[in-house]
Amino acid sequence: RSLQLEERKPSQQIAQRRVRKRRRLRKVRRRVRKSREEEERKQHVQRRRLSSSSDDNSEDESMSEGEMARLKEEVEEKKKLIATLRNKPWRMKRRLKCLKEAQAFVEKFEGALGKGKGRRLYAFKVMMTKKIIKFNRDFENFKTACIPWESRIKEVESHFGSSVASYFIFLRWMYGLNLVLFGFVFGLVVIPEVLMGMPYGSLARKTVPREEQDSAMDFSVLFEFGGYCKYSIMFYGYYNNQRSIGLLQFRLPLSYLLVGVGIFGYSLMVVIRTMARNANEGGDGAEEGTFTFCWKLFTSWDYLIGNPETADNKFASTTTSFKESIVDEQENLKDENIHLRRFLRILANLLILCCLGGSGYLIYYVVKRSQGFAKKDRNELTWLQKNEVEIVMSLLGLVCPPLFEVIAELEDYHPRIALKWQLARIFALFLGNLYTFLFALFDEVNSKLENEKEIKNATIWALKEYYTNYTLYNNVTENIPPPNISPADVIRGPCWETEVGIEFVKLTVSDIQVTYLTILIGDFLRAVIVRFLNYCWCWDLEAGFPSYAEFDISGNVLGLIFNQGMIWMGAFYAPGLVGINVLRLLSSMYYQCWAVMACNVPHERVFKASRSNNFYMGLLLLVLFLSLMPVIYSIMTLPPSFDCGPFSGKDKMYDVIMETIEKDLPPFMADIFSYASNPGLIIPAVLLMVLAIYYLNAVSKAYQNANLDLKRKMQMQRDEEKNRRNNKDSTNQVMKDLEDLMPNKSLIPPPSAEETEIPADQLRKSPKVTGKPGAAATGKGVHVQKDVSLAAANPRAPVTRPPGPRPPGPLPGNARGPPPGQGMGRGRGGPPPRR
Amino acid sequence: MGNKQTIFTDEQLDAYQDCTFFTRKEILRLHGRYHELAPHLVPMDYTNDPDVKVPLALIVNMPELKENPFRNRIVESFSEDGKGNLSFNDFVDMFSVLSEMAPRELKAIYAFKIYDFNVDNYICKEDLEKTLNRLTKEELTPEEVILVCEKAIEEADLDGDNKLSFADFENMISRAPDFLSTFHIRI
């Protein structure tokens, strides 16, 4: 053997390793065999005692089935332990030691387990699992390394607390979403058209018309997305309707349609996944008033705070909050005049409805006016008239929310409820504005479609004329070359999709401008004025009237959500819009981080709008669905323009899919699709889905009811314990009613030592221990079940005071009749356990 | 893989990743922070597991903990000797529990330990009074303090012993909507 060790050639090293492994396995097998033999000897002895036949046919090298199963179970347990090790509340040293032991055990016995026929497969499975774990870990490491702006957010957190930082975390999440959408649009639509499609100037749709070419490069024209901008990859009109382009036969129209719909699909998936992940954090949902003081004590300090000023602020606000709760508790302020309140609230709601209606009408009016302007010559219009729509929409979004806040003063709600109302109103405002805008826009589309019919006829007529003339002059009837007109001179249709895309892009850009300007003026300028004018002003500007601004979390989050809604709507008509949004979010992050740190102060009172983060995610989901509808409507019903865009020449946009199914897919697929679109199949499928929804709804309701039942029971038990402890009468109405139903106490013989309390509605699942009842005592023949009590122990265990004088009549659930003897109070026969 | 670092062996880093909620990069960063607390005390080479403890006074000066009114209690709860001297293992453990990814149950356990000032496994009235005074910088009058503590015990105490056991505390804190977002330190 020593000779073998000396000559170590590389090819022999592998053999050496195999030999060593085999030796190791042999050792393990020997050990296992020894332990098994011991066990067998014991079993053998036992069997001899029992004089039953024994089967010691176990081979030397393999273990019996039972052994293997048990060992496998142990290995699985160890693996589970390793996976959950970080959740255990142990000291780190203990965890590390436990990890090492578990890993050693798993490694040792995993090799031994792979015996018999399945050995290779088992070893392979083990190796693959290890590789997958390692890959997952590396991927997680890589992902966390990629997360940007971590230090920036941490700074904001330490200065402003977790609620302001949650806005920036949301912004970062949006940025990630938009980046992925941009990747889709760019990679699957823009790049193929740029690389493999026809270049600028080759086709009519890709060239600036002759009339506009002089002004095409002007800044003012470009700023409104006309000129070269309009005939670029940014808008729908640039894309060619050629069925397949380039070497790879890339189907651009199909890809355009699928990406347009796929954007919504991907966004939906991501939003729902995030909602599901956030749903676990919500907490169990106790009622508002149950743990007020406890929660204030234990959860009001924000551990993220690292800045001394913020900390001082937090101390002050915590103190104020405690004082308020104490005052509330002591005085129990209840409202005096409920009628006045109701009247004021109705008045406030009416006013707000008027505002909303007014703003909707204003937008409609302005859009109609802009259509009138569009007919006039561009040069006669002032800048104001040209951008009226966007200015009005942005101004409304700026002016109305503070107006709502002022009106809401009439209502006098608790701040958290007032915040919810405010959010709902702002949401309604934005939604109303957006949809009015859309309706007005689609009105315009219809008029453009009319216009288009005329131009289309004119084009066809002109073409026919050209062919006839050619035939006349050259006496040729076939193979006539197409007319030799430069693309810039061709008659163009109005191309409504590009117009819609331009409107969306202009809206987004003006929204960006307004947001940035607001921050600059409303926050920065205000802060500068307060800071520097304070030296020469009569009252203290910092503490009194304007003071520094607080960061408006809900307004900013809503603005972000609606911006995203506009992007979703407009991305189909203007593929470049997603790119603009990515740039906007990127710059927003830096700009707003700077603005918050430089110009804002931390909040005095913080009220979260909801228990979990799912409130804003839910809004986002709603906006997603609302922005899906216009796009789907236009895909399904509106005819595409005849001379621009990837769907030109078709009747409806989704004809691309039908074409693909017919021409590209094998014939049986077309059959399948035609069968699948048969109404006879679709209607039953829809019915089936409706039934499934109904069933799931019923099941979830049942679960909710069971949940509520359990909660109610726990609450009742808790109340009972408290009342018993405080020696008070039961506040539970059911218990009171039961008391009243009891027969007259003086007629009952002294009760047994056991306590009995079985409220009637707890028959099925009674939470308390009920020993033998004094069935006579209850007097109702109630069926008593033994069940496990949720209470830790006898609540009266540490008897620090002698039992007080009991009021006449039964206490809820107590022993009926005269108080029992001293040591036999309510225990289960034994003395109360010591603590 | 990646950059060659000599602070930990690869097995050590993998073990830390299994035992905490941190990734490899974060663990190395944590070691950097630990080292800069006491550069002369903490070695750069941890491959042979040196037994070094940084005293309480240096740790509570970290910017993340400096303004926290419970900083002493936090560090004491995670130290082995109860006096606040943290080894690197304890340091990592502390930030792992306080990180975003730790589950609610784990945080509740350590929150209970932190607020239990006299370390008797119950949060009694004195503990609550101390908590309140730290939270409000002693701005409340003594009567108000007594009132708040009594109300808190009344709300959360289920078994009637006038102090909060872990079961009471856990029952109360598991329903708190703000607990997870406030009991969080980012490092």
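Note: Cβ is positioned from N, Cα and C throughout, glycine not excepted.
TrEMBL entries are annotated by machine, without manual review.
It should be emphasised that the depicted structure is a prediction, and the values quoted were computed from it without experimental measurement.
Per TrEMBL, these features apply:
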type     : residues  : note
COMPBIAS : A:1-10    : compositional bias 'Basic and acidic residues'
COMPBIAS : A:17-34   : compositional bias 'Basic residues'
COMPBIAS : A:715-728 : compositional bias 'Basic and acidic residues'
COMPBIAS : A:768-782 : compositional bias 'Low complexity'
COMPBIAS : A:800-821 : compositional bias 'Pro residues'
DOMAIN   : A:495-610 : domain 'TMC'
REGION   : A:1-70    : region 'Disordered'
REGION   : A:715-734 : region 'Disordered'
REGION   : A:741-835 : region 'Disordered'
TRANSMEM : A:173-195 : transmembrane segment
TRANSMEM : A:216-239 : transmembrane segment
TRANSMEM : A:254-272 : transmembrane segment
TRANSMEM : A:346-367 : transmembrane segment
TRANSMEM : A:422-442 : transmembrane segment
TRANSMEM : A:566-586 : transmembrane segment
TRANSMEM : A:615-636 : transmembrane segment
TRANSMEM : A:672-696 : transmembrane segment
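Mean pLDDT across the domain 'TMC' (A:495-610) comes to 86 in this model. In terms of DSSP helix, strand and coil, the compositional bias 'Basic residues' (A:17-34) has 18 helix, 0 strand, 0 coil.
Under DSSP, the residues of the domain 'TMC' (A:495-610) split into helix, strand and coil as follows: 83 helix, 4 strand, 29 coil. Sequence-distant contacts of the transmembrane segment (A:566-586), counting only residues of its own chain at least 6 positions beyond either end whose CB sits under 8 Å from a CB of the stretch, comprise 171, 174-175, 178-179, 181-182, 185-186, 189-190, 232-236, 260, 263-264, 267, 434, 438, 497-498, 500-502, 504-505, 507-509, 511-512, 623-624, 627-628, 630-631, 634-635. Sequence-remote contacts of a segment are chain residues at least 6 beyond its ends whose Cβ falls under 8 Å from one of its Cβ atoms, and for the transmembrane segment (A:346-367) they are 388-389, 392-393, 396, 400, 403-404, 407-408, 410-411, 425, 428-429, 432-433, 436-437, 439-441, 444. Long-range contacts of the transmembrane segment (A:672-696) within the same chain: residues 661, each at least 6 residues beyond the stretch ends and with a Cβ under 8 Å from a Cβ of the stretch.
Distant neighbours of the transmembrane segment (A:615-636): 170, 257, 260-261, 264, 267-268, 271-272, 274-275, 278, 427, 431, 435, 438, 442, 557-558, 561-562, 564-566, 568-569, 572, 609, 652-654; these residues of the same chain sit at least 6 beyond its ends, with a Cβ under 8 Å from one of its Cβ atoms.
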